[in-house]
Amino acid sequence: MARKFSDEKMVLASHNKGKLAEFAHLFRPHGIEILSAGELGLPEPEETGETFEDNAILKAVAAAKAADMPALADDSGLAAAALNGAPGVYSARWAGPEKDFTAAMQRLEDELIAAGNTDRSAAFVCVLALAWPDGHVETVRGEAKGRLIWPPRGDGGFGYDPVFMPVGRTKTFAEMKPEDKKEISHRAEAFERLIKTCIASE
Ligand SMILES: O=P(O)(O)OP(=O)(O)OP(=O)(O)OC[C@H]1O[C@@H](n2cnc3c(O)ncnc32)[C@H](O)[C@@H]1O
Ligand SMILES: [Mg+2]
């Protein structure tokens, strides 16, 4: 049995403004007060894990202990099939310290072409970890399947959204309205699972 969240507030252990905006929407109907790691002055831990799960857990546990309240972390990224899942857990690092996603998307395109440009399928993955100050953690995962387009399209969203076209759609995540991305995103799928396993009272 998963541990249930029964507090009134939690820390959102992310320093990514795009994610924080999406979580603000996702949490709206649930009546939980969200404090961000930034507003509490929490440091950004080094993401030394090899999997999304490892990194989500290390970020959530560090924040829960530092803030002494439950903390939710999101570790996510884009996995290109032709690149054996790259950039994967390195998705943020491909953009460098300047967070230059124009350069990161260009690198992705260059590597797809170098790999033969025959398979442009990809998935966005999101792992959420909810940790308590005693170290207990629950994790859930969500995925959005699609393909990588070129050139980038749209100026909404964040990160790699301008090159990601979800299956069955004609708009990239960056061309969609936030409420449309929310219907099908990896983050929304993981969030729905989190609500079912750890938040909803039966
Ligand atoms: O660790 P935190 O502080 O949460 O913020 P971050 O930006 O470093 O986040 P990650 O370590 O999880 O790295 C994930 C990267 O993958 C990309 N990414 C994740 N979800 C995305 C989405 O919905 N749309 C576009 N890019 C996304 C984005 O570039 C993120 O920087
Ligand atoms: Mg990060």
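Note that Cβ sites are derived from N, Cα and C of the backbone, with glycine treated the same way.
No curator has checked TrEMBL annotations; they are predicted automatically.
As written in TrEMBL, here are the features:
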- SER14, HIS15, ASN16, LYS17, GLY18, LYS19, SER76, PHE158, GLY159, TYR160, ASP161, LYS181, HIS186, ARG187: substrate binding site (BINDING)
- GLU46, ASP75: Mg(2+) binding site (BINDING)
- ASP75: active site, proton acceptor (ACT_SITE)
Max pairwise CA distance, angstrom, over record-listed substrate binders SER14, HIS15, ASN16, LYS17, GLY18, LYS19, SER76, PHE158, GLY159, TYR160, ASP161, LYS181, HIS186, ARG187: 20
Conformational class of ASN16 (substrate binding site) under the three-state DSSP mapping: coil
Sparsest-packed among the binding-site residues, when each Cβ's other Cβ atoms within 10 Å are tallied, from GLY18, GLY159: GLY18
Residues near ASP75 (Mg(2+) binding site) in space but at least six apart in sequence (CB under 8 A): GLU47, GLY49, PHE52, GLU53, ASN55, ALA56, LYS59, VAL89, CYS126, VAL127, ALA129
Helix, strand or coil at GLU46 (Mg(2+) binding site) [DSSP, three-state]: coil
Nearest recorded site to GLU46 (Mg(2+) binding site) by CA-CA distance, among binding-site residues ASN16, GLY18, HIS186: ASN16
Largest tally of Cβ atoms lying within 10 Å of a Cβ, found at which of the binding-site residues GLU46, ASP161: ASP161
Spatial neighbours, same chain, of ASN16 (substrate binding site) - Cβ under 8 Å, 6+ residues apart: ASP74, ALA92, PHE158
Nonlocal neighbours by CB distance (under 8 Å) for SER76 (substrate binding site), same chain, sequence gap 6 or more: LYS19, PHE52, SER91, PHE124, VAL125, CYS126, VAL127, HIS186, ARG187
